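Listed in TrEMBL:
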TRANSMEM  21-39  transmembrane segment
DOMAIN    26-477  domain 'Major facilitator superfamily (MFS) profile'
TRANSMEM  81-104  transmembrane segment
TRANSMEM  136-158  transmembrane segment
TRANSMEM  170-193  transmembrane segment
TRANSMEM  199-222  transmembrane segment
TRANSMEM  286-315  transmembrane segment
TRANSMEM  321-342  transmembrane segment
TRANSMEM  349-374  transmembrane segment
TRANSMEM  386-405  transmembrane segment
TRANSMEM  426-447  transmembrane segment
TRANSMEM  453-473  transmembrane segment
């Protein structure tokens, strides 16, 4: 040990750092960006199951649902216009992610968060006051712009502010806030569905402005990260922030490494082109496949449409919303499990355990629905089978909430070098939103076509993604972001692309080109 720096198990430097009040405050405020994402996931699924909402905006869907109460349960809500209401947000977030990458890099992480809060606030106002479908969808697009900015900047902010030993726990604060947003939305749906006059959906959609206001005001109070400040030329400010978040004046070595990383990053004029080089192939692969797999877990089947899903399989209106509240509670508490264990057990252990649990749960859920409704989609679920179904859906949600849910955002945000970090995070958000849009738009049609086989479809993907983690994802817990390339260079497969010189600098595999040249 020299100058407060030790060597960790990966052979990289380990800087001093602990949970200071300043770190806790900044990460708590930044994590509130997850509230807007989670609230929307919960509220959109709830209002699309409300008769008053369907009668006003989607009367044909309402008529179809009423007509099919005693017939095919799989197809009663199948409507591309209805799914466009939900999924248009994610298409807007997809398009925004590329703009957000530039804003995050040029103006800093905090102003990207601020932009997200402001646009989400505008979207919530428009949705709450909507009088036709076009107003609804325009509001959803503004919400999507807000989500695109928040999902680009918040995970980066958390990973850069947190000490390496606490990075997993603090980064998962984003996912915890997302689950709190989902639960709050489910409770609001449950409380407003019975409002006389049928305007309860306006309350739910309009209240999205509350979490938007939290992140908007909160972003103004936050400092930017040391990495971002250095990259933009504010070196003294960066050092002052680093001293505050580490709780010690002994930050010389970490600060020097940040400056060196920034200087190396500044030599790269085209991060979008450079990210395609062989030496970044491991990080790029992870940035694409982790969010790709996250959406193919099938979580959106549960979270977007849980009230609709429970209605489809025979629950009453209030019972379906109450079941969504139950899954929301499980989601939130299981995320706390991830926060407590991620920096102790590591990322791989949670991925593998959660993936196995989700695989089994999807098989059981699909089988229960198959036994009850078969391929015809006709039948009524008994109380005992319905309770068993809710149990396994809860086990599925718990597995997701301590594995693919939080880690799907954590891992892509921590594996990239500074010179391509914003571009890499943008790719991760882009892939996530693309798959979210596709599955959100296609789910009700897939349920109508594949029937109970839809759950087997997602179970098959669970097997594939769990195998990918077992073979190709190295452990990243406790490794400083600036030292992350050591992890890739020591991996049995990725080591052929990433090598590390004796002085710690990176080289690409094969052609051995130096970074940024």
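Glycine too: its Cβ is placed from the backbone N, Cα and C atoms.
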Interface present between the transmembrane segment (81-104) and the transmembrane segment (453-473) (three or more C-beta pairs under 8 A):
no
Among 81-104, 170-193, 426-447, point out the range having the most Cβ pairs under 8 angstroms from the transmembrane segment (136-158).
81-104
Three or more CB pairs closer than 8 Å, sequence separation of 6 or more: does that hold for the transmembrane segment (170-193) against the transmembrane segment (386-405)?
yes
Averaged over the domain 'Major facilitator superfamily (MFS) profile' (26-477), what pLDDT does the prediction give?
84
Can you say which of 199-222, 321-342, 349-374, 386-405, 426-447 has the most Cβ pairs under 8 Å with the transmembrane segment (21-39)?
199-222
For the transmembrane segment (386-405), which stretch among 199-222, 321-342, 349-374, 426-447 has the most Cβ pairs under 8 A?
349-374
Six or more residues out from either end of the transmembrane segment (349-374), which same-chain residues have a Cβ under 8 Å from its Cβ atoms?
73-74, 297-298, 313-314, 338, 341-342, 380-382, 385, 388-389, 392-393, 395-396, 398-400, 402-404, 407, 451-456, 458-459, 462-463, 465-466, 469-470, 473
